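Okay, structure first, notes after.
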Amino acid sequence: MTSSLTELDDDLVRSMSIGAVFSEFGGKIHSIDFHRKDDLLVTASEDDSVRLYDIANAKLLKTTSHKKHGTDRICFTHHPSSVICSSKYNLESTGESLRYLSMYDNRCIRYFKGHKQRVVSLCMSPINDSFMSGSLDHSVRIWDLRVNACQGILRLRGRPAVAYDQQGLVFAVAMEGGAIKLFDSRSYDKGPFDTFLVGGDTAEVCDIKFSNDGKSMLLTTTNNNIYILDAYGGEKRCGFSLEASPGTTIEATFTPDGKYVVAGSGGGTMHAWSIEMKTEVFPIFYYNMILVYIIFYLILKGRFEFDRCLNPHL
């Protein structure tokens, strides 16, 4: 994979178009994740399947079925054929809320028991075998791929969202009331070293992300608001709103240069905003809200000529 990044401006963002559509599955996709190094995408779908895609060549590589536990949140480990997937079914009876799966031979390497309700946030450390999960049971758990036992637990208010920074040295936990707590990932047991409050919005946080340069954080909320915060001081840099999408949680992402935020709505409209100018660059109608992530992933890896997109019909 090339490491060069295409420099973005408003005209380039406006020029984006669909290059390919994966049409093997027409239902709802719960979550997606890109591998950090390889041109791979993994999806978890409402039919309890996991699909692995080669996005450089627009090819479906493998589909696995998981009827017993279901599929919900998903993320890659460091290995391109291994993923972590959260369960939908039997959480209270089995406690098997998370599974470490091998896509190569379709087997479960390890179960992680602990959460009693649905996992709504999941992320892998960029530097080691640690990962985090946030659940509707009002807890965040810290895990190690190599062992079954939970390595740490944080009890919180409301729905949590979790994210590591790009260096894996800091992780953020967002919770009810617009509170964001920052932890040193090497000494999280000492408590947060900083806490921010997003004033004026008490909605639950759906998702939180760090920009690649570590200078900004992005939050999306259950009432369809998007906020960009200074990652050092917590000041609100700008905010954007989307139209209501019943039954759909909004997810947004930074472009890798940190200059733009992109998101989709449940109605199929894709949006992009300039953080510096605090204005919308364009809204454009697409099939669904997932397209934007694949397009931007390839554009900003210097692969603009290979625009790919997925058609999950969200």
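Heads up, residue numbers simply count up from 1 along the chain you see.
The backbone N, Cα and C atoms fix where each Cβ goes, glycine too.
Per-class residue totals from DSSP over the repeat 'WD' (22-63), listed helix then strand then coil: 0 helix, 24 strand, 18 coil. The feature repeat 'WD' is assigned by TrEMBL to 22-63 (among others).
Under the heading repeat 'WD', TrEMBL lists 112-146 (among others). Mean per-residue pLDDT, taken over the repeat 'WD' (112-146), amounts to 97.
The transmembrane segment feature in TrEMBL is assigned to 284-300.
Secondary structure by DSSP for the repeat 'WD' (112-146): 0 helix, 20 strand, 15 coil.
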